[in-house]
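According to TrEMBL:
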type: DISULFID; residues: C237-C239; note: disulfide bond
type: DISULFID; residues: C270-C273; note: disulfide bond
Amino acid sequence: MSDYLVKALAFDGEVRAYAVRSTETVGEGQRRHHTWPTASAALGRSLTATAMLGAMLKGDQKLTVKIDGGGPIGLILVDGNAKGEVRGYVTNPQVHFDLNEHGKLDVRRAVGTEGTLSVVKDIGMRDYFTGQVPIVSGELGEDFTYYLFNSEQVPSSVGVGVLVNPDNSILAAGGFIIQLMPGAKDETITKIEQRLSEIPPISKLIEKGLTPEELLEEICGKDNVKVIENMPISFTCTCSKERFSNAIISLGQAEIEDIINTDGQAEAECHFCNEKYLFTKDELETLLKEAK
């Protein structure tokens with residue numbers, strides 16, 4: 001099954017819902033950054049949540065999620081857009097701890113709880129929306145829930161999960177966002193709260209093979225969910241040799257000449273996807289001419 005996301009309405013429009021299968025997307029992030037299990041869970045949860053936040057955007061709008069909890073994993077940075085494309089990295093990918101008291105990967109210990117979660121949305125026309133909240137959990141699902149309620153004023157519940165195989169590859173990943181629309185009845189709220197307290201962890205549901213649609217039915221009830229759109233999601237980076245060429249040109253003549261004389265070549269690496277780009281002496285000399 002390929003990764004995809006569904007947008008839905010539930011309870012006759014009282015609830016807006018998103019659910020996603022992100023196993024391959026998180027797996028690509030793990031392969032590119034060689035993350036250890038706890039770091040994989042932290043990066044994977046962040047990629048999954050960002051994919052769903054991106055689905056709330058339109059057209060060419062995009063967003064950047066930055067999580068800095070002061071923990072050993074360092075910074076988590078993830079980009080997303082309205083097309084289902086995400087990319088991201090953590091400062092220290094080789095972070096892993098023993099399972100926590102609940103038998104789960106100890107994401108809180110890796111992320112830390114002394115810091116902030118911030119979201120910057122590029123909504124076009126050089127217009128940016130920035131929201132920032134303190135990290136309240138470090139488990140990330142609760143932190144995105146807190147962000148949506150406090151920064152966007154939308155009562156929400158966010159569930160994100162990642163299961164890691166013994167060989168460090170990703171077994172299952174996915175998530176959901178349930179949001180109450182203005183005027184949602186108390187009865188509806190009670191039903192959702194009750195179901196959320198009863199269902200197994202999100203990653204367990206995906207490991208069972210539940211689709212995003214079935215995931216929402218598990219939370220909201222089979223007859224209450226109306227899917228309005230589905231879209232593929234993927235780990236997709238926008239880096240290219242041309243972009244790095246422009247960055248080298250922007251260094252200026254003196255800096256490029258120094259690189260040519262000192263190293264005779266240059267290697268650029270993308271933080272987001274770990275792709276490496278080699279520039280030979282001839283290529284650098286061409287860029288030097290363009291910098292003049």
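Count begins at 1; order follows the chain as displayed.
Backbone N, Cα and C define each Cβ position, glycine as well.
Across the structure, C270 (disulfide bond) and C239 (disulfide bond) place their CA atoms 7 angstrom apart. Note: C239 (disulfide bond) has non-local neighbours C270, F272, C273, E275, i.e. same-chain residues 6+ apart with C-beta under 8 A of its own C-beta.
Close to C237 (disulfide bond) in the fold, though at least 6 residues off in sequence, lie R87, C270, F272, C273, E275, each with a CB less than 8 Å from its CB. Cβ-based neighbour count (10 Å, all protein chains) for C273 (disulfide bond) stands at 19.
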